[in-house]
Amino acid sequence: MAGGGGGSASSPSSTLLNTPTWALATVCFIFIFLGIFIEHLIHLLCHWLIKHRKTALFEAVEKLKSVLMQLGFLSLLLAVIQRPISKICIPNRITNSMLPCNRVLIDSTKSIKGRELTSVENSQDHCGSRGMTSFMSQSGINQLNNFIFVLAVMQIVYSVVTMALGRAKMKRWKRWEDETKTIEYMVANDPNRFRFTRETTFGRRHMNKFTNTSSQLWIKCFLRQFFHSVAKTDYLTLRHGFITAHLPSTNALNFQKYIERSLEDDFKVVVGISPFMWLIVVILLLVDVHGWNIYLWVSFLPLITVLVIGTKLETIVAHMALQLENQESVIIGSPLVQPNDSLFWFNQPQFVLTLLHYTLFINAFELAFFIWVTWQFGISSCYHEHVEIIVVRVVLALMVQVLCSYITLPLYALVTQMGSHFKSALLEEHVTQAIKHWHTEVKTKKKNKLQELESSHYSVATTQITSPEIKLSTSAHEIKEISEESPKVNIVHQNESQIGVD
């Protein structure tokens, strides 16, 4: 009796009617402060990006803000409709089908966080009084709301970390780019130098006995991505082929900066969550049935996709080298590869980015689901029935993160430039250089004009003293200005003219 009375006395405290005003005000203050703080951070980030002309990253942040607004709207929508949904009643026999956990394990873990609350709620709602079960309890909807939030945060974190680690790996490309401006590089790549194709560094790397058949080529490229996936000779050769194909009149393009801007444009795509991705989430939640172990098999999908993408990108470079060998056995200058869309799947270089986007999302789903289950139900919940499966899933998720950041992303950034068309980042670079060159020319012309004007004023003043004929050749406006500033000049002219008459 006492225990029951204690429980009934404490249950109303969960509503705002019995919550102290100081507690309510404190919580509201914390949430408002955090919201203002996050908004201020985003504003400072956008200001820094605009100041440093990071247009693509600024657009990515704007897209990130739209994703967060979408999540806020979904959270509000779930909060509004949770009570009507909980009043939808379904027969008990339907609720016992396609459960994520074994019924025995569910009954034995009711003391876990969230289970006891659900049991009490089901016994007190109007569906329980009719011998039926709620379609989805209010606590279940709140838990789903938390999962959507965790998934979106993990997708953003995964994308940011992947791009940051990938760009850190590509920092050494800056040294290779700077080397193209040295005399040693120009001598080594003399356009009048004859060489056998196989004797070049690029040829020795890709033209050997292990490329005779397609299967040997794929095996070689599969293994190569783990060991020195992007070599210096690959970067320099692909750079030379890109500039020759798209900018034949100049060699001043900073290829490494262009790749960085291209990645910033791609980041706008990767950071978002498309409607089809939300559909994938719905399908994965649907097939999470006890005994199927779907998530174990799904965790292998990102790993397989990343390895296939890396192998494909390596084969593209190898195919360009083999095409070069088939075309000519002797080359003049540097090896010249031919960019072409036909080297890629479906003749679409952007298809590789789409695969990477969905791979990162599924990988983020795996880790987000593990974090959500552990946070919501505890480490010993029925979701973690098989510890070895959980360990395998977490290890695979982290492995995919490392492979994608340090191997696949640098390969993608370099090799996808070998399409038939260049990206918009090149146009921005070209326009920027043209504007800077025009601005420099304008400043130089303005400075020269001022110097000429000053020298002309000086020469006019001198010639008016020594020669009246030159005075006549000057403009009337300049003569008037000089005469007003120096009346002594007119006297000198009068004396000189008198002397001339005599």
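Note that Cβ sites are derived from N, Cα and C of the backbone, with glycine treated the same way.
As the structure is a computational prediction, the values presented were derived from the model and not from experiment.
Pulled from TrEMBL:
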type	residues	note
TRANSMEM	22-46	transmembrane segment
TRANSMEM	147-166	transmembrane segment
TRANSMEM	267-286	transmembrane segment
TRANSMEM	292-310	transmembrane segment
TRANSMEM	355-378	transmembrane segment
TRANSMEM	390-415	transmembrane segment
Stretch with greatest number of CB pairs under 8 Å, the transmembrane segment (267-286) reference, 22-46, 147-166, 390-415 candidates: 147-166
Remote residues contacting the transmembrane segment (390-415) - C-beta distance under 8 A, at least 6 residues beyond either end: 158, 161-163, 165-166, 169-170, 225-226, 229-230, 234-235, 238, 259, 262-263, 295-296, 299-300, 302-303, 306-307, 309-310, 313-314, 316-317, 352-353, 356, 359-360, 363, 366-367, 370, 384
Beyond the flanks of the transmembrane segment (355-378) by at least 6 residues, Cβ under 8 Å: 112-115, 143, 146-147, 150-151, 153-155, 157-159, 162, 269-270, 273, 277, 280-281, 284, 295, 298-299, 301-302, 305-306, 309, 384, 390, 393-394, 396-397, 400-401, 404, 408-409, 412
Sequence-remote partners of the transmembrane segment (22-46) [C-beta within less than 8 Å, at least six residues beyond its ends]: 16, 58, 61-62, 65
